[in-house]
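K.L.:
Pasting a structure here, questions to come.
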Amino acid sequence: AATAPRIPPTRLALHHFDVSYSLQLKDLWPSVRASLLCEQKYGALLNNFSPVNHVTQELELLNATDFVSEALKKAQRSQRGAAAEEAGRGDSVSQEGSGEGRTVMQAETMTQAETSPPFHASISSNIKCYTFPRGDITRFRPARPDTLGLLNYYLMDAASLLPVLALNVQPDDFVLDLCAAPGGKTLALLQTGVCGHLAANDVSISRTKRLYQILNSYVPKEIRETVSVTSCDGRDWEQLEGGTFHKVGPLLQVLVDVPCTTDRHSVMEQDNNIFHRRRTKERQMLPMLQLQLLMAGILATKPGGEVVYSTCSLSPLQNEYVIERAIEIAETQFNINIRVEDLSHFRTLKLFQDTFSFFSDCRLGELVLPHLTANFGPMYFCKLR
């Protein structure tokens, strides 16, 4: 009997995405599809442990801008504008109202002003990442070492920084990066300069070696000593490490950047492609693995802690559905009440819309869509508290 022709995993992936994502994204899918098949865009995460002034000047001469600081400026302007608008309403109420009615209206105005979210508070001003403008496909040159041998920036998908910014690490927080390799988000967490202690874990020993390489190339020894690197199955974190780690120090912040279909890699690269036929069962079991890892992250936190879940997939089965199921299990089986934190200001206030293209119909969390003029992502992220 003739054997069936082998279909490359990249073609299998693209066919799978054509069927599922055309239903999800509708008219947006042709553009997203074309973007996935084009060269990815990168950002340059500055290494704060290396002298950066001359690097900043070089990048700005190339017309690159720090999208994080630009977003911070927008957030502060938006906050000032909202405060001025509320103050204007208060003045209007003072002139038009009187007696008890005026008091009630002024109280309502004050409540709105006091409870409006401090949008800039969720953006670490210490993280600096340069990107080229929309439509500019200039490539960054390879990073160069400084006099101490530390590389001056790390090239990464700039959208990968958004989960780190959403986590909003506070001074002296104990932070867990549950699926840390190859290390870009771990490095970004260290760039905040505020982690009290950072645990970076990955189940893959070979990928953990890559994580060590990143730390050695970018981070001085005294800072590396504040990082615990482990190669454990993240699903068992509470039993393996949590007994000693999460009972020490302040609130634990957890980043759960789970293994996924890695959509861009799946349509572009034959090697290590999860759509290879021999990995069919592994791919089908991904949502279960992702749920187990997210639950491990949730159980590792102290009351009041925060978890950010992220993938580099467009799939609702790996994104929103995992979040919904985790919330249900946490409540019914562990009596843990979890709420999804609103991150829509990343999108609706246009903090990052000059840099990224967001999907406006994401039910929970935020989703960056690849776009030909801003070819970052895909990147899904959702914050639980």
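Cβ atoms are placed via backbone N, Cα and C, with glycine included.
Just so you know, TrEMBL annotations never went through curation; they're auto-generated.
Heads up, here are the entries from TrEMBL:
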- Cys312: active site, nucleophile (ACT_SITE)
- Cys179, Ala180, Ala181, Pro182, Gly183, Gly184, Lys185, Asp202, Asp233, Asp257: S-adenosyl-L-methionine binding site (BINDING)
- 76-385: domain 'SAM-dependent MTase RsmB/NOP-type' (DOMAIN)
- 79-103: region 'Disordered' (REGION)
K.L.:
State the Cα to Cα distance, in Å, between Ala181 (S-adenosyl-L-methionine binding site) and Cys312 (active site, nucleophile), rounded to an integer.
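P.N.:
Checking the Cα atoms of Ala181 (S-adenosyl-L-methionine binding site) and Cys312 (active site, nucleophile) gives a distance of 14 Å.
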K.L.:
If you measure Asp233 (S-adenosyl-L-methionine binding site) to Cys312 (active site, nucleophile) at Cα, how many Å is it?
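P.N.:
Each residue's Cα considered, Asp233 (S-adenosyl-L-methionine binding site) and Cys312 (active site, nucleophile) end up 20 Å apart.
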K.L.:
Please give the S-adenosyl-L-methionine site's span as the largest CA-CA distance among Cys179, Ala180, Ala181, Pro182, Gly183, Gly184, Lys185, Asp202, Asp233, Asp257, to the nearest whole angstrom.
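P.N.:
So the binding residues stretch over 20 Å, Cα to Cα.
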K.L.:
If you average per-residue pLDDT over the domain 'SAM-dependent MTase RsmB/NOP-type' (76-385), what number do you get?
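P.N.:
Averaging the confidence scores along the domain 'SAM-dependent MTase RsmB/NOP-type' (76-385) gives 86.
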K.L.:
Please work out which residue of Asp233, Cys312 has the most C-beta neighbours within 10 angstroms of its C-beta, and give that one of the recorded positions.
P.N.:
Cys312
K.L.:
What does the structure give for the C-alpha distance between Cys179 (S-adenosyl-L-methionine binding site) and the residue listed as 'active site, nucleophile'? Integer Å is fine.
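P.N.:
Cα to Cα, Cys179 (S-adenosyl-L-methionine binding site) and the residue listed as 'active site, nucleophile' are separated by 13 Å.
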K.L.:
So among the binding-site residues Cys179, Ala181, who's got the most Cβ atoms within 10 Å?
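P.N.:
By the 10 Å Cβ neighbour count, Ala181 comes out on top.
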K.L.:
Might you list, by sequence position, any residue in that chain lying six or more from Lys185 (S-adenosyl-L-methionine binding site) with a Cβ less than 8 Å away from its Cβ?
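P.N.:
The answer is Ser160, Leu161, Pro163, Val164, Asp177, Leu255, Asp257.
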